[in-house]
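Following this message is one structure expressed as structure tokens.
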Amino acid sequence: MNFLSTFVTFENLHEVRRLCHWGPVIALSVIAICSTMAVLDSIIWYWPLDTTGGSINFIMLINWTVLILYNYFNAMFVGPGYIPIGWKPENQQDTQYLQYCRVCQGYKAPRSHHCRKCNRCVMKMDHHCPWINNCCGHLNHAYFTSFLLLAPLGCSHAAIIFIMTMYTQLYERISFGWSTVKIDMSAVRQFQPLMPFSVPAFAATLFALGLALGTTIAVGMLFFIQMKVILRNKTSIESWIEEKAKDRIQHYQTGEDFTFPYDLGSRWLNFKQVFTWSGTPKGVGFEWPVHPKCHQHTLTIEQLKQKADKRVRSVQYRALEDYNGACCPVSKGFQTFFRTPCTEEPRIPLNKGDTILATRAGDRVRGWFPRRCVEKCHYDTAASDSTSDKKVN
């Protein structure tokens, strides 16, 4: 019912446009191909009406598909939850501990971050996922992680069906000669399946097997990454912030003892912050349970310190050659071509002689350009107003 209510409560039908993106198109295509081929191969290999095992196998296969799509569409359409436009904390004094978002014209609540793709401040943002064309955050983190678990399980089941179908169908068609192996796809078996297993069927099954194995490995790795941060009650962004906090303390030798505020000290308690029986995570997205040694703004204060530190530790670069902003700059060498980030991050054109400030602090332009196009300046001009914030590779 939660899935149906998601569609009924759409305030605007523009949410459906999330499907019109390369990420959902590829993801749903893989699900459709693997599910369809697994059903067809099940009919060939293990006809569900003949035995109890065949029936169980078929029901489990359909069950995987339904659960995968249920969690996928909920992760996409329920969304992460957004901070209201122009939001301010109830206590006006708390604004000194929070960052201000110029785009949303309001303050960023603890654990929230602004997403350039969604163009909103996202509650407990983990990352923007192109496969669901939406952010993974507070409200849909459980759905997204469940999808990451179910997709490898379903694909593993499908892969077993593909392998067994090819094995059983080819077993009586293979003939071994002197240093040769021949496969006769036209050979007539003693038992004819309901559907013929021809050369196109073999090729389609082999292709689906490749998709299933690739999905199992890739998505399975993402699941373990997500569970690692969930069991510590973190997000991917917060793990990065914690690493930078340690680096800042070590660099300046401040002697601070930074404690991540949202780790409740128990993996089970951290797990229950995301996964609940109702499907709705704990919290309203503005305040969170914290470690006894910390308070609500421990992490936001650390973010403000890191933001100030970025300005101090920014590095000045000068452009040595032109760059036209191409997505995959082949003319800059094979190493640069293969190290180009596989993201939708904007590319920034360069003209020879431009000065660039490599930092994310301040109101500057963000993006990517090849590292080989610039050189580090040997003089301190980090405070120059004419520089731009750009990310080098």
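From the backbone N, Cα and C atoms, a Cβ is placed for every residue, glycine too.
All annotation found in TrEMBL is predicted automatically rather than curated by experts.
These came from TrEMBL, pasted as-is:
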TRANSMEM  25-47  transmembrane segment
TRANSMEM  53-73  transmembrane segment
DOMAIN    97-241  domain 'Palmitoyltransferase DHHC'
TRANSMEM  147-167  transmembrane segment
TRANSMEM  201-225  transmembrane segment
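Set these features in their place in the structure for me.
With DSSP states grouped into helix (H, G, I), strand (E, B) and coil, the domain 'Palmitoyltransferase DHHC' (97-241) comes out at 70 helix, 24 strand, 51 coil.
Outside the transmembrane segment (201-225), and at least 6 residues removed from its termini, the chain residues within Cβ reach (under 8 Å) are 30, 33-34, 37-38, 40-41, 44, 145, 148-149, 151-152, 155-156, 158-159, 162-163, 165-166, 169-170, 185, 195, 236.
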Below 8 angstroms Cβ to Cβ, which residues of this chain, lying six or more residues outside the transmembrane segment (25-47), approach it?
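For the transmembrane segment (25-47), the sequence-distant neighbours (Cβ-Cβ under 8 Å, at least 6 residues beyond its ends) are 19, 53-54, 57-58, 61-62, 64-65, 68-69, 72, 131-132, 151, 154-155, 157-158, 161-162, 164-165, 168-169, 193-195, 197, 201, 204-205, 207-208, 211-212, 215.
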